[in-house]
């Protein structure tokens, strides 16, 4: 149950200076001059951090996926006539290489490296294409991976909060 203070009456003291408000009051009331509220670009910065974590996790899983495909050519079910059919060993190498690149770039995103955003977007596009072509071999994981890739592209394409101009 929230408590509200009665409106100031005649002879009451004026509202205190906003600088003197408690941290709880400042958290409750967004300040549009500082970019707070629903359109807050700091959320995208949080999204970029989450994208970096997803990239590292997906990259590591891609490496494991690649090692499995290289080590044993019958890890995944055989697919009939498919336009983009490669041997599973080839798919293993593709997953391994892209997985390493995605994981390293995810680490760069987390560290805030300048190169990581652009490279991350490019690798995420490649990652989405990779799993689109891999759909017949692992449909459920491929759809999940495509969703992760789309989120990573969106999060990294947002304007970084530190580059935002303040009024």
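Each position is counted from 1, following the chain as shown.
Cβ coordinates are placed from backbone N, Cα and C, and glycine is handled just like the others.
All annotation found in TrEMBL is predicted automatically rather than curated by experts.
Remember, it's a predicted structure, so these values are computed and weren't measured experimentally.
Annotated in TrEMBL:
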- 1-17: compositional bias 'Pro residues' (COMPBIAS)
- 1-42: region 'Disordered' (REGION)
- 43-71: transmembrane segment (TRANSMEM)
- 48-159: domain 'DUF7144' (DOMAIN)
- 91-110: transmembrane segment (TRANSMEM)
- 115-134: transmembrane segment (TRANSMEM)
- 140-157: transmembrane segment (TRANSMEM)
Within the same chain, the residues 6 or more beyond the ends of the transmembrane segment (43-71) and with Cβ under 8 Å of it are 88-89, 91-110, 116-117, 120, 123-124, 127, 145, 148-149, 151-152, 154-156, 158-162
If you run through the domain 'DUF7144' (48-159) with DSSP, how many residues end up as helix, strand and coil?
87 helix, 0 strand, 25 coil
Which bits of the chain, at least 6 residues beyond where the transmembrane segment (140-157) starts or stops, bring a Cβ under 8 A of a Cβ in it?
44, 47-48, 50-51, 54-55, 58, 109, 117, 120-121, 124-125, 127-128, 131-132, 134
